[in-house]
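Let me begin by presenting the structure, written as structure tokens, before commenting on it.
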Amino acid sequence: KDGYPMRSDGCTIACLFDNDFCNRKCVEQKGKSGYCYFWKQSCYCEGLPDDKVYDSATSKCRA
């Protein structure tokens, strides 16, 4: 599934321009690849497991 990966607290992973950082974070969570989506300032991944993708309806993020 494509989408924003989550940290352990349920929030998205912030970034500014670092595609390598985001790609690493996505692969660590068993995704295929990832990049920094500048407009949302968050990492975006392709091919993540369903339970690793941020969903505002079920998120536990309180940031």
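Heads up, the Cβ atoms here are built off N, Cα and C, so glycines get one too.
Source: prediction; values computed, not measured.
Within the set CYS26, CYS36, CYS45, the cysteine that Swiss-Prot bonds to CYS15 via a disulfide is CYS36. Swiss-Prot records a disulfide bond between CYS26 and CYS45, which is the match among CYS43, CYS45. In Swiss-Prot, CYS22 is paired through a disulphide bond with CYS43, chosen from CYS11, CYS43. Take the CB of CYS61 (disulfide bond) and look out to 10 A: across all protein chains shown you find 12 other CB atoms.
Cβ neighbour count for CYS36 (disulfide bond) (all protein chains, 10 Å cutoff from its Cβ): 21.
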